[in-house]
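Please read the structure below before turning to the comments.
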Amino acid sequence: MYGFCGSSSAHCGVGCQSGQCDGAPVSAAPGPVPARKGSGTTFTLIGQAGVPPMHAALMPNGKVVFLDKVENYSQLRLRNGQYAYSSEFNPNTGQVVPLAFKTNAFCSGGAFMADGRLVNVGGNGPLSFIDPTVSDGFSALRYLQRSASSPSFDGQDWSEPGNKLASPRWYASAHTLPDGRIFVASGSLNGLDPTVRSNNNPTYEILSPQGISSGRNVPMAILEKAQPYYMYPFIHTLKDGSLFIFVAKSAQIFNVNTNTVVRELPDLPGEFRSYPNTGTSVLLPLSSSDGYTSRVLVCGGGAYQDITSPTDASCGRIVADDPNAKWTLESMPQGRVMVEGVLLADGKVLLINGGKGAQGFDLALDPTLTPLIYDPAARQGQRFTEYPASPIPRLYHSVAVLLLDGTVLVAGSNPVEQPLLQPNAQHPYATEFRVERWIPPYLAGDNANKRPRNIKLSTKTMRSDTVYSVEFDAINTSKHVQVVLYHGGFVTHSLHMGHRMVFMDNSGFKRGGIHQNIRFRAPPKNSAHPGPWVIYVLLDYVPRRMAGYIHQQPQGYPPPNQYGEAQGYYQLHDQQPPQNYQGPSYPPHNIGPLPPKPGETFEEQFAVEKPKYNDLWAAVLWLATFLGFVAVSVLALRGYSRSGRTSGGGIYGNKADFGLTTNTVVLFAFVLAVAWSVSLLYLLAVRTFTKQIIYATAILNVVIGIGSAAYYLYRGYYSAGIVFLIFALFYAFCFWTWRSRIPFTVLILQTVIDVAKTYGHIFLVSLIGGIIALAFSAWFSVTLVGIYVRWTPNSTNQSCREGGCSDAKVYGLVAFSVFAAFWTSEVIKNVMHVTVSGVYGGWYFSAGGSNANSPPSHPTMGAFRRAMTYSFGSICLGSLIVSFIQLLRQIATIGRNDAAQSGDILQYVFFCIAGCILSIIEWAVEFLNEYAYSYIALYGKAYFPAAKATWQLIKDRGVDALIQDCLINPVLTMGAVFVGYLCTLLAYLYLEFTKPAYNSRGSYTAIILAFSFLLGLQIANVFLNPLKSGATTIFVAIAVDPQVLMANHPDLYGRMVSVYPHIQEAIHV
């Protein structure tokens, strides 16, 4: 119930959401004064909003986006069957479409970013009993992209890749700064009683120009002092770049860059002006005629949060730049709260909507139906004009937005907890879905016919304080022209966040001329922040708009051709570099670890505080297992060496028919040679033909798979033929559906290869790892044959004369040896992975642009030392989990092949299902391991904490979307499978042509083929592992600090945007 006091009639009182109903002593302010009457304006119904319009914003496509909280009713439904809580409304056609979001945006803030996207900040908790699909929004960041020139973004849902604010914020204000950063201030931590200070968040934080939080909560004295009336402060940027901040009754000038108060301003007489008794505040239009002086208007307000609260009729106006600033007061015809202050295209201010009482459900009455225009240029006492009323009450949760054509959209009013379609005695004001268009005086009557026509701007890129031109056709009686820059901002709860207007200097107008070519000067720094703006051309004070983007390019952004011009943006590039944030140092938000500090060596750059040997028990267990394998191998090979007569001396010199022989050893030697050679050639091909190898891998994989399947089926080996055919068709389907992801994959793979060629010793690690894997595989292969020779029970087996032979012992020792081999191979591969991850981590955080640090020295050896010492136990632990799953899967593979040979259909189906389930589990564990090991390489954590932290980090940063769309792992896995195919085919042909006695009935075919495939697959994976590790580490590093990608690697980021535009949302940049 959002803290009601046992009923829905009040929000204040003992134990209530808003504390006591106490009004602070009121400093005298003038009462209401009648205003002169105006005429000619009209309200026209133009459609239905679809959702209750709690928030609104005019988007670059000319449409208005509405945003609401989770409700038990709206006019629109989403594809999942739930009600929509956001919509996109076309004011020209009345068409409305639903938009989805993932977190509750109830009473949130918003601002436009430098790239034109809207970022919505904060909100409230989930209401799972209404909609379980929408989660907690207190710390959420939501993004919405629209284009002025391309309809491709229209109707797309809010993007919520998981980026978070530094702390929960309900009722927070957001404001775009001159350098593109976003200032987010105030808010409730939990939506509870604001008179209890532990519930409040009187701090600010900074979002980067890409909409990513700095992770710092900075206390703000004016917010602390204003509690409990501290939420939704009014914020405006002044001409020197400092901020005017007003909350409750207090105001100050604040320097964000130094985190200092420039000066305190006098309190504004009258009642409280900010939430929950919000009036409105407008920065009056800026102009060079007075040096871009900042004049701020604050109107309306109330005493406390209750329906009985008196409302304030006064307006205060102050020259915020004046060191001796004082408020001058004047009066509206009536007191108002929830009043919208909208700058009109001619520079006047529309005051519309609102009523008496306070903000909150069922706390308002006596709606104010008449629009009021304030003329800043008129004499004091003559500035207000009242116009004809609308028949529709617009109370709590209503909005007003200036449209591209100079008219005003008016919508909303939802002064009840959940939508009410018809008023009743208890709730006299229902939820309002109707949308009106208000026609201002400058478009009344015949004025609309005086608009300029055929407007053409000279450029799509604008820089501050630079001259441009605009051409248009005018009527021959025209006497005056104005070129106006306008930003409507984000609208909610009577706040228009970022709302401002600049009258630009112009010259070249010819009175009475029809074709005009006007020169105008873009405003100076601080007058127009980055983001979407509208350019109005006013002819004799009648507007005609040209919509576009003004885009100031903050540090770290791609070059302009990656952004605006492709979508028709107008861009304003600040001629001076933006100032760096120099606020006090606060602990970072725990969404991810701090980036490494610059250092001379890998260990210094990626220093681990209090290093320790993590997961030591797993390292000890692996060592014991490895020593056990050594013991088994010694005994097996001793027995094998004594059985030369029965085990054979070469390919054809075998006589034994009871188990594997020297014939098998030679076979595995061929398999290993082919696996090692083809893997090395494939690695070299990837290094040389990066783009082509992706297509070649997929095609060869499918061709070899189908060819092998056809051959096996022809030879009557149906189990292998069916399995290979399924694999080949599956990979063919994957390749066909993955085509759109190939450009992004090529870019990432090329980056990995480029780094490997110039930094560290990546290919040397791959070569050494391949040699070690080859040697161990050869050792394992001979040991496997030795086990069969030494302990297979048979009267002709000389090794059994000493006793101890049995099938159980063979099966047990084979299972143990296979497990030990799996585990050891995984350890080898993952030691390489951690080593290579250290190299790529050093490159990511150090190499690149002007802000980069020096690369660490000897990164390969430094990362290898960490892998073999403090992190070796964690490597063994993760490898143990994968190895156990691999063992079970190998058993299922052998069981499936045996069942196929024996014709047991039920057993075959069982092992197929088991193998499929185990394969999925193995993939999931290996997927998590890859990213956990990269994290371990950089930050030295234990296995389970690293795995948990890595996954949360990747999800929160939205990097999981990049990972899903990058095909490096699937492609290189295809390459490894291709090697496995060749090894399997070689083994089958070998058995067919040599016809060893032990396999006269084909009983060992399944085992030998399975192990041959395994040997080829493992060796290829070891060779290719460094390339996978490079891509994995890049994604983990992006998750740790995505801004490094733009600052240190702007070329890479620009290319990413060009081939994969979704990256701007995927990693919140």
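Keep in mind that glycine also has a Cβ here, set from the backbone N, Cα and C atoms.
Annotation comment: TrEMBL describes 54-442 as domain 'Glyoxal oxidase N-terminal'. Under the heading domain 'Galactose oxidase-like Early set', TrEMBL lists 451-543. The transmembrane segment annotation in TrEMBL covers 616-637, 665-686, 692-714, 721-738, 758-789, 867-885, 905-925, 966-991, 1003-1024.
Counting Cβ pairs under 8 Å that are 6 or more residues apart, the transmembrane segment (616-637) and the transmembrane segment (1003-1024) reach fewer than 3 and are not in contact. Among residues of the same chain six or more beyond the transmembrane segment (1003-1024), those with a C-beta under 8 A of the stretch's C-beta atoms are 660, 664, 667-668, 671-672, 674-676, 678-680, 682-683, 686, 717, 719-720, 766, 769-770, 772-774, 777, 781, 784, 825, 828-829, 832, 890, 893-894, 897-898, 900-901, 972-973, 975-984, 986-988, 991. Sequence-remote contacts of a segment are chain residues at least 6 beyond its ends whose Cβ falls under 8 Å from one of its Cβ atoms, and for the transmembrane segment (721-738) they are 698-699, 701-702, 704-706, 708-713, 896, 900, 967, 970, 974, 977, 981. Residues 682, 685-686, 720-725, 727-729, 731-732, 734-735, 742, 745-746, 749, 967, 971-972, 974-975, 977-978, 981-982, 984-985, 988 of the same chain lie 6 or more positions beyond the ends of the transmembrane segment (692-714) yet place their CB under 8 Å from a CB of it. Through the fold, the transmembrane segment (905-925) approaches residues 719, 878, 881-882, 885-886, 888-889, 892-893, 895-896, 899 of its own chain, all at least 6 residues removed from its boundaries and within a Cβ separation under 8 Å. Beyond its flanks by at least six residues, the transmembrane segment (665-686) meets 650-651, 693, 696, 749, 753, 763, 766-767, 770, 774, 777-778, 781-782, 784-785, 972, 975-976, 978-979, 982-983, 986-987, 990-991, 994, 1008, 1011-1012, 1015-1016, 1019-1020, 1022-1024, 1027 of its own chain at Cβ-Cβ distances under 8 Å.
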